[in-house]
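Below is one structure; the comments refer to it alone.
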Amino acid sequence: MYKKKIKKNTITHFGFQNVPTFIKSYLVSNVFHKVATKYDLMNDLMSFGIHRIWKQFLIQQSEVHNGYKVLDLAGGTGDLSIKFSKLVGKKGIVILLDNNDTMLRLGQKKLRNLGILNNVHYIQANAEFLPFSENTFNCVAISFGLRNFTYKQKSLYEIYRVLRPGGKLLILDFSIPTSKLLTILYDLYSFHIIPKIGKIIAQDSKSYQYLVESIRMHPDQETLKNMILSIGFNDVQYFNMTGGIAALHCAYKY
């Protein structure tokens, strides 16, 4: 099981930039403060709405039932929490956790406007230091969040700690396309079109430039699978979606 200590005074990546690890969380949070109000709209525009299909597939693979306790980690504006709240019912609970208070407030407002009031709770916290006891959750899900974490392995260890035996982890994020042609087209779209959309819609091209770069710095499908295995998870598998542009990793804690 992973027990590596976090080293201080090290360098990590923020997109394609090298930055001291201690400021990455601040830089990432600043990005999401800037894009928060246009986040849902930009997701629909950038992915042509396909992100909703990817998230629905995550829900279908989650095996969440009535009465379950679910952690929507880095849950942002709450797309997964909306769906999980229906699955867990009145006897269950969903924790929508995000490190960014602006995103969290928008998520809370969105869910309340939908009438989701009782079985979703909201917590601002860092994924590397989850404020929960061991063996708390039946399911932990992360949707397009892991690539923004400073210490991915530490976060995965924390997830392992708070999952109950038999609990399931699901990680949905952008990944590596499976064909060279798709990679070329995807790169052209990502680097030349997405920042322009961000400038027009959100008046912020730099934040979307970072988001594009962060995708390229994220571990590929096999690397992430091995990272998850190294923590102690079992039955790790992944599903490529839209030619590998996104991938869903699933694993269990036994």
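Backbone N, Cα and C define each Cβ position, glycine as well.
These figures come from a predicted structure and were not determined experimentally.
Per Swiss-Prot, the candidate among Asp98, Asp101 that belongs to the S-adenosyl-L-methionine site alongside Thr77, Asn126, Ala127, Ser143 is Asp98. A simple way to gauge crowding: the CB of Ser143 (S-adenosyl-L-methionine binding site) has 24 other CB atoms within 10 angstroms, across all the protein chains here. Shown are the binding-site residues Thr77, Asn126; of these, the residue with the fewest other Cβ atoms within 10 Å is Asn126. Counting only same-chain residues at least 6 apart in sequence, those with a Cβ under 8 Å from the Cβ of Asp98 (S-adenosyl-L-methionine binding site) are Ala74, Gly75, Gly76, Leu104, Gly107, Gln124.
Mapped onto three states, the DSSP output places Ser143 (S-adenosyl-L-methionine binding site) in strand.
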